[in-house]
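Student: Annotations per TrEMBL:
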type     : residues  : note
DOMAIN   : A:17-95   : domain 'RRM'
DOMAIN   : A:242-322 : domain 'RRM'
REGION   : A:415-502 : region 'Disordered'
COMPBIAS : A:422-433 : compositional bias 'Polar residues'
COMPBIAS : A:456-466 : compositional bias 'Low complexity'
COMPBIAS : A:467-485 : compositional bias 'Polar residues'
DNA sequence: AGCACA
């Protein structure tokens with residue numbers, strides 16, 4: 001008489017050693033599942049927090065009879081199966097084994113990866129996140145970031161037990177409404193484990209916090225994402241100064257390598273770090289000085305000037321929002337000069353290492369946030385460039401041998417008066433970066449050129465070591481002068497004589 | 001309260 005008489009249930013009930021459990025309480029974890037099921041046999045695998053509501057689970061016994069005994073028992077029992085007082089419905093799974101029980105995000109650790117669904121980054125403050133997660137124990141560090149997956153946060157606890165409690169309690173739940181702006185609708189938390197064990201927070205900011213280190217400097221201007229200065233209401237650039245310069249390189253017909261940039265920008269002070277990246281098809285670079293003053297001088301001096309003569313590689317400089325770059329110490333695209341002997345790493349670092357430098361650290365679903373991680377775990381100090389985007393520009397970055405032969409001129413070295421340079425006295429003088437570079441600078445911005453005005457005409461003798469550092473052909477900045485006479489194959493001498501501007 | 005994962 002029932003309509004289901006000749007119908008099977010939508011989900012077949014043929015016995016399987018895998019059982020499907022539903023109506024589980026949201027708190028349910030693996031241990032509770034095992035407690036419920038182990039009287040009937042040995043459990044070889046489980047999967048909990050399944051389904052949209054995370055209230056289903058699978059349990060796999062070693063053999064079919066054990067699963068059958070459990071289903072049979074509760075089918076005839078007056079006491080339903082329960083977890084924490086909640087009735088659990090048990091049936092045979094329509095599969096015969098549990099696959100992929102543990103995704104990387106399920107491997108417990110002391111750091112949680114929290115995705116806050118349905119909100120924009122600005123809707124949930126780091127203080128709210130801190131408040132919510134502090135209910136389970138001392139929160140050591142928080143780093144937030146925004147990616148395709150949504151607004152995410154890494155929450156570091158002292159140990160995996162506390163992290164686990166927080167995850168079990170909060171996964172799938174919402175941040176209380178009263179903690180959120182009114183316009184926010186639902187706001188579900190999706191929580192998995194991060195592979196990280198210790199976040200590297202460099203600044204206290206609205207994006208990242210280290211609660212273990214109250215003396216960590218505050219970086220009030222660290223704003224995620226956009227590197228370029230924001231536009232003010234009047235449409236003019238709102239520039240706040242920074243010790244890090246953002247250089248956009250226009251008309252980049254010639255290679256602009258880390259070494260070239262280091263040479264150019266070192267004229268104004270110690271360059272700490274450099275990172276080159278592509279943005280919207282344009283090459284950009286971040287150059288970090290120890291202080292704002294140095295950066296400011298460099299910016300004023302170099303803005304609008306060309307690295308190479310003929311209008312090539314014109315620099316446009318602005319202040320980055322970043323204050324401390326998190327770059328690979330030695331790669332094609334970045335350099336950290338604050339690390340001793342970084343140049344020695346050259347031979348040891350595979351050329352492709354930078355392309356996915358932290359891949360091993362970001363298994364599974366964290367993969368999608370790698371770029372943001374590099375930025376935000378470091379405290380929001382790095383723009384969210386994707387190193388992988390830099391493929392395909394090898395023509396410009398490989399070696400000096402790819403310079404167009406006849407038109408090569410070397411980059412400038414501000415700080416030495418062009419007039420002090422010898423011309424034609426040696427093969428090298430014609431390629432002198434000082435000569436051409438200074439000329440280029442002088443032409444582009446007469447009177448502002450740092451090489452003339454800042455350091456005056458107190459030039460060193462030709463051939464002294466600063467000149468070496470200017471030569472982009474030099475792969476190694478400490479290369480002895482004599483070695484520079486041996487040009488890399490394929491690099492032609494300059495096609496035009498040195499030009500000395502005023 | 002009704003089947004994951006790739």
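In case you wondered, yes, glycine gets a Cβ from its N, Cα and C as well.
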Student: I'd like the per-state residue tally for the domain 'RRM' (A:242-322) from DSSP, helix first, then strand, then coil.
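Tutor: In the domain 'RRM' (A:242-322), the DSSP-based counts are 20 helix, 32 strand, 29 coil.
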Student: For the domain 'RRM' (A:17-95), what's the model's average pLDDT?
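Tutor: On average, pLDDT over the domain 'RRM' (A:17-95) sits at 93.
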Student: Sort the residues of the domain 'RRM' (A:17-95) into helix, strand and coil with DSSP and give the three counts.
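Tutor: Helix, strand and coil residues of the domain 'RRM' (A:17-95) number 24 helix, 27 strand, 28 coil.
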